[in-house]
Amino acid sequence: MDTTPSPDLNISAESAALYNMDDTKPLYEKSPEIVTPIASITKLMTTYLVLQAIHNKTLSWDETLQLEPLDDKAAVSLYMVTNKKTWTVKDLYAAMLVMSANDAAEALGKRLDKTDFPGKMNKTAKKLGLSSKSNFVSASGLDSGGQENVSTSKDLYLLASSLITKYPEVLDMTSKASYKTSSGYTVESTDALLANKEIDGLDGLKTGFTDGAGYCFVGTAKQNGKRLISIVLKTSTIDARFQDTKTLMAYGFKN
């Protein structure tokens, strides 16, 4: 049930939220508790666990891993665009966040837990305070065993704010419109708002798309010391998810 009186911003997403990171009270909510598939937004949890392992020194940026073929041949993959299987952890991390490479995310997840990485994701979700409505089934956000990765806009705020607070260096990568790998390949960001610079201070965070999830986006921007996080889930087009984000951010920085 929505508890925050929200202005009518004409947001097209089925579920949306806007938060000032300095205040846990939402500035805007639209159906924040409904459960929807989240597609590649899932990669934010994988990112959290990668950075945790880097900080714990159980994983190194220079370590090399092998990409494995994805079951979903149409899914975005680093191998598909480079025909190269062996990569450093740093390059896989970059490809996962910038171009949303699914095989990169799966390789990192397997490295962190060979037998049950989704189990590790769900345990971490609980520790971060996400509700039982959130459920992770893959490192990449692709469906697995007929199940989808699901969450709520409220839970995704908790995940995004936890990630930025604990590992602010994530923004160094999510703010890149493109990234050149150590072997010379350039990968382009799925976040069109970075390239067109339509939101001042925008430096992340993650796009998502599957047929079930529609077009999703968790955005973050900082202006004059104020950091906002926006979540839009289940829009019908690429443009709609970014238009909703622009509307939310414009409202948030004025209020």
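Don't overthink the numbers, they just go from 1 along the chain as shown.
Keep in mind that glycine also has a Cβ here, set from the backbone N, Cα and C atoms.
Curation does not apply to TrEMBL; its annotations are automatic.
Taken straight from TrEMBL:
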DOMAIN    3-236  domain 'Peptidase S11 D-alanyl-D-alanine carboxypeptidase A N-terminal'
ACT_SITE  Ser40  active site, acyl-ester intermediate
ACT_SITE  Lys43  active site, proton acceptor
ACT_SITE  Ser100  active site
BINDING   Lys206  substrate binding site
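The number of other Cβ atoms within 10 Å of the Cβ belonging to Lys206 (substrate binding site), over all protein chains shown, comes to 29. Across the residues of the domain 'Peptidase S11 D-alanyl-D-alanine carboxypeptidase A N-terminal' (3-236), the predicted structure has a mean pLDDT of 96. Between the CA atoms of the residue listed as 'active site, acyl-ester intermediate' and Ser100 (active site) there is a gap of 7 Å. Across the structure, the residue listed as 'substrate binding site' and the residue listed as 'active site' are spaced 8 Å apart at their Cα atoms.
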